[in-house]
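S.K.: Quick one: the structure is below, and I'll ask about it shortly.
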Amino acid sequence: MNTVRVTFLLVFVLAVSLGQADKDENRMEMQEKTEQGESYLDFAENLLLQKLEELEAKLLEEDSEESRNSRQKRCIGEGVPCDENDPRCCSGLVCLKPTLHGIWYKSYYCYKK
């Protein structure tokens with residue numbers, strides 16, 4: 001019974017001492033990995049930042065090229081009443097007095113050219 005206790009005690013002491021050494025090694029290994037991971041994250045962050053800056057530059061370039069006055073304002077679709085003095089018909093449509101079916105409305109409508 002004594003030999004079993006001594007053997008168990010010896011195995012226990014060896015396990016604890018080797019375990020602590022492994023723990024220190026693991027701690028150092030984890031520290032190295034986190035340092036490598038941080039450098040990788042920094043690299044990835046810089047790469048992403050460069051891509052975002054390029055995208056932003058392209059968007060701003062397109063914005064400056066496009067004039068706000070060149071955009072079509074809200075327009076009236078086909079078959080919708082319009083004002084003969086201020087026609088706002090969409091492109092490809094003209095503000096005309098209706099023929100036949102709409103003459104009793106006494107109004108102008110947007111029709112295709």
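Including glycine, each Cβ sits where the backbone N, Cα and C put it.
These came from Swiss-Prot, pasted as-is:
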type	residues	note
SIGNAL	1-21	signal peptide
DISULFID	Cys75-Cys90	disulfide bond
DISULFID	Cys82-Cys95	disulfide bond
DISULFID	Cys89-Cys110	disulfide bond
S.K.: Roughly how many angstrom lie between the C-alpha atoms of Cys75 (disulfide bond) and Cys95 (disulfide bond)?
M.R.: 11
S.K.: Can you count the other CB atoms that lie within 10 A of the CB of Cys110 (disulfide bond)?
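M.R.: Taking all protein chains shown, Cys110 (disulfide bond) has 21 Cβ neighbours within 10 Å.
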S.K.: For Cys82 (disulfide bond), write down the residues of its own chain that are at least 6 apart in sequence and whose Cβ falls under 8 Å from its Cβ; none is a fine answer.
M.R.: Ile76, Arg88, Cys89, Cys95, Tyr108, Tyr109, Cys110
S.K.: Specify the count of other C-beta atoms within 10 Å of the C-beta of Cys89 (disulfide bond).
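M.R.: The answer is 21.
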S.K.: Of all the disulfide-bonded residues here, Cys75, Cys90, Cys95, which one's CB has the most other CB atoms within 10 A?
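M.R.: Answer returned by the neighbour count: Cys95.
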